[in-house]
Structure formats: C-alpha cells, structure tokens
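Q: The compositional bias 'Pro residues' annotation in TrEMBL covers A:14-24. Annotated compositional bias 'Basic and acidic residues' per TrEMBL: A:25-36, in sequence order. Taken from TrEMBL, the feature compositional bias 'Basic residues' applies to A:422-435. Taken from TrEMBL, the feature domain 'Palmitoyltransferase DHHC' applies to A:163-288. Residues or ranges marked as region 'Disordered' in TrEMBL: A:1-40, A:373-472. Residues annotated as transmembrane segment in TrEMBL: A:66-84, A:90-113, A:209-234, A:254-278.
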Amino acid sequence: MKNCEYQQIDPRALPTPTPTPPPHLGHDSDKTEEPKRRPRRKWQVFPGNNRFYCDGRIIMARQSGVLPLTLGLILITSVLFFIFDCPFLVKHLTSCIPVIGGGLFVFVVITLLQTSLTDPGILPRATPDEAADIEKQINNPGNTGYRPPPRTKEIIINQQMVKLKYCFTCKMFRPPRTSHCSLCDNCVERFDHHCPWVGNCVGKRNYRFFYAFIVSLSFLTAFIFGCVTTHLALRAQGGKGLVFALQESPGSAVELVICFFAVWSILGLSGFHTYLVASNLTTNEDIKGSWSGKSEEHVTNPYSHKNIFINCCSVLCGPMPPSLIDRRGLLPADESVQTAGVDIVLPTLATKNVCTQGTKGLLESATIPPLLSTSCPQGKPPSAHTCPDSGPAVNSDPSPELPTSCGARHTASSHGDNSPPRHAKTRSKKSKRAALHIPNPSFEVPVSPTSPDAGPSSKRRGHEGASFASLH
Amino acid sequence: MAETHSLQDMRQQAAVAAKVFIQRDYTNGTVCHFQTKFPSELESRIDKQQFEETVRTLNNLYAEAEKLGSQSYIEGCLACLTAYIIFLCMETHYEKVLKKIAKYIQEQNDKIYTPRGLLLTDPIERGLRVIEVTVFEERSLTR
C-alpha cells in the first residue's frame, strides 16, 4: 500500500491527461521505458506542503504568505530613500550614507531570501518499516476505525523530564524541540514558528538567517528613519516649515510613515529574539511556557548552556546542520520502474486496503499525491488527507490567525493560542498591516510560477512539483 | 568496485528477514547520539562488542560534526559577515564529517556486516532518526 507513494503516474510520460485506467493499457510500454530514462528526484514525491524550484535546490512553503509584501515594502522604502534622501544628505552631510544604506539593504534582502528559500530543518517522514517497528513497540492492540489515543514517551534530558509526542502524520516520535507545522505539514527540528512575513517555517537550519534578517532590518529601518528625519529637519530649517520640506521631497513622507510603524515592531521583535537566543529558547517553547517553572517543581531549560555567550554562539555560530530531506537525490530505479508495471492492478489493491485497514489505510493514503488519487478510483479528495492527522486541517481558513502574532502560528492543533503580552506589540502592528492588504495568507500570489489550478483545494506538493518539472 | 557489486547483488537476491532500528538517545539533549544497547535480534548474527564499537564510533563522529569549538565559531562568524553566502560555495565542517561517516559505514559493511548477512544503512538516509540494520535470510550466506 505504501508503494502508492512512488507509484504516481509520471506526468511527463503522459502527453495528455488520461483520467481513466483503460487507456493506460496502450501506454504501458511507454511508461516502463520513460522512468528508466528519466529517474525522478525525491523532491517530486515529497509529501509535505512545500514548493520546489530549480530542480529541488530551492524550497518554500506552499503558502508564500506575505513574503511579496515584505520584499515590496523593503524595496520601495529603500528605493525612495536612494532617490529622495541620499542626494540631499550626500551634499549636506557625508557620502557614507548611501554606502551604509546600500550595504544594509543588500544584507537584509540576502538574509530574507535565505530565510525563505532554505529548508528550515524538515524531518523526513518515517519509512514504512520504521513506522511498523514503532507501532510494535507501542504495542497498540489495533485500530478499529477510530483515532488511537495520543502516544507519548517520557525521557530525561539533563535531569529534566521531557515528553516526546508521536506524530501521526510523520509516523514517528518527534525528537525534542521538534514540532509539526500544520501549514507546511512537516515536522521541523527546533521549530520556532511559521513566519508569514517570510513565507516559511523558522527552524534549526534557518534560525540564524532569520535572526540576521530581523536585526539588520531593524538597523536599516532605524537608519532610514534617522536619515529621513535629518533630511526633513535640514530642509525645514530657516523657518520654511515641515510642510514645505515634505512638498520638496514627497517620497520622504512615504518612508517616514512606513519606517515609523515598522521600527517599533521590528525592534521589539529583534529584542525578543535576542532574549530567546541568549536563553536558548524557541518562540514555541516560550509561548507554551515549557521551561518557565510554572509548576511546583524546579523547571529549567535543559538545552541551555547556562551561559549567555555560549548560548548565543551555539545558536548563531554553531555548525550548520545538513538538510535531511535530500531533495535532489534520485529515486531508486527499481521503485520508479515498479510504478508503471503495477499501474493497472493499483486501483483494486488500493481500494481493498482502504476498506480493510480503516484508519490506518486513511492515514497511509494521506501521503498519496493528488495525481494518484485522481487516476486511482479510491475516490479520496485531497482535502480529506489532512484532517485526521494534524488536528485543525492544514487548509482550514488560516485567515483568523493572521492578526495574531508570528509566534502563535505554530501547531494550533495541540495547544491553545495563549500568546504572552510580549507579542501584543507585533500583533497590533501586524493587524495594522493586515488592514492594508487581503488578510488571507492562502491567497495565491500572482508571482507563483505553478500551474493555475493550484488553488486552496489541491494543496499537495507532488502535483505542483511535478507540473513545474514538466515546464522545465 | 567488486565489493559494492556483491553488496547490491546480495540486496537484490537475498530476502530480508527483518529490519532492526537503533533509535536515538536524547539524554544529552538534541545532539545526534544513538542508543548503544545491543538489540536482541542481532544476538545470533554478530558479536555484541563489535556492534557496540560500531555504534560508539558513529556517535563520536557525529559529536565531532556538532562540536561547538573554535573552528565552528570561526566558520559561523565568517558566514554571518558574508550574509551566509559562503554556505552556498563552501562545504561545511558538518558535511565533511558526514562524508567521513559514509565512508566508515561502507567500510564496516564490507568488512564486518555483509559477511554476516547484515547491512547498515547510513542514518542520514533516514533523516538521522535511526540506524537501520537489515537482516538478510540465512541462505544468502552460501555463495
């Protein structure tokens, strides 16, 4: 049954979409040859909710959130700064200003792109053998059609009791500090939060990029704000007034507004994350209060090195862990060949499995990409996949979440959204910004190069990845 | 290479009797460290000491990859100054150690595990979650 994952019909093998099985008989021989000649890469069968570009080199979350807005705001503000403020300030002050501004701008954009386009530390899902082994260990007598009770494992880390939860989607016990992102449908190591501004999860691998981004952005906004204020003050000198200055330099007015609102929240966010880095905490842990010592026992953070300097170094300058999902690896040839051969038999096998295995079959079928589900008369609509596993469905209207802070965006399934007052600043700022644009992060951005039918209903990765590959 | 050819042959010809998974040990935090407890399914196939030695060496290699030392700090600071672009150009220390680990596992398979009808899978292929030991059926040993 798990073979279904690799048995999706290669879209490049089919010149025209053929939804019914009988026509496949004629193309059978073509398909057995096609996969051999063009072995597929692992990103094309990746089960998470991600988009891949450049043949798997670049990874993004399926919903890019408001990343275009973030980029747009930074670009507009910086361009206006160089056009309206720099010439005046170079003449009256120093020519270092555009140099510093330019350097900060480049640094901000690079770190932003690195945060958005890097694998945050996604854990690949357990193989069928692993999942079966874990099931055996848990010794569950068997599912008869209802969801089994949540499974947890308790371990001791540095004299602290830590509970490891079982992830029903990824079929494994989550390592400590790992959380399942309901938006991306992946378990992410050292999960911090899913950031809509950046359009990606922030986890172990891209936290340092994210931190560099927000710190450099706070320097950039503060710098631009300072320069614009100086510029307007210099222009308004000699009794001419602020209105006169604004009329002379209208771009500065726009910059002033943007920077005024941005600088407080970004500075606040940088300060908050500096605190997290110094105490080796994640936003997720901070919100849940995992190590705040609310209970009667003495609870401390078991991952902290008890030294601010060492904590900072280990989080920001530690060794860069590799990506575990091997996006560009080739799928084993025997599995791709097997797909074509077993194609005809597949529908009956799959239906049988779904009927007899109940929940287990439902969970396993959750990893089948929509291509397969459309061709295979299982009749399982893609939206049904996400419901049993990740609590509130991945696609269930995330728009109410947008006004809340970045940090509260993590798995809403298992925990309440009890954000601490710290996030009130960011929350109010984001709600202001939310009012400026469509407050629905599932809004498909026009810049997306994927196929037009990639609406909210067909959220599975394989479809878009494969169709993008066909465009290559 | 003749050795890998015979490995692949074995994989294709031999039937898999069982798969044993060595899970991660998180008592020291999130560092990559595998449990050294000897699984009972392998008792008939391999010497306990030898197996534990393999796992211990792997643990040491992973510890070396994740070590917080002056080298990793210098690498991290340099990367930060260049807006992390050097990660795109250079091979990181972690990646270098992963190559060493892959070579070590290949070597162990060739020398110790394949003759006993076992096969170690590099943990990186399983997302650093488990060390997968494939146990082949006894009849594959008659060559």
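Glycine is treated like the rest: Cβ placed from N, Cα and C.
Predicted automatically and left uncurated, TrEMBL annotations should be read as such.
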Q: Could you give the residue numbers and ranges of same-chain residues that sit at least 6 residues beyond the transmembrane segment (A:90-113) on either side and whose C-beta is under 8 angstroms from one of its C-beta atoms?
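A: Answer is 70-71, 74, 78, 81-82, 198, 209-210, 212-213, 216-217, 219-220, 223-224, 227, 230, 234.
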Q: In the domain 'Palmitoyltransferase DHHC' (A:163-288), how many residues does DSSP assign to helix, to strand and to coil?
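A: Secondary-structure composition of the domain 'Palmitoyltransferase DHHC' (A:163-288): 71 helix, 19 strand, 36 coil.
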Q: Average pLDDT across the domain 'Palmitoyltransferase DHHC' (A:163-288)?
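A: Mean pLDDT across the domain 'Palmitoyltransferase DHHC' (A:163-288) comes out at 91.
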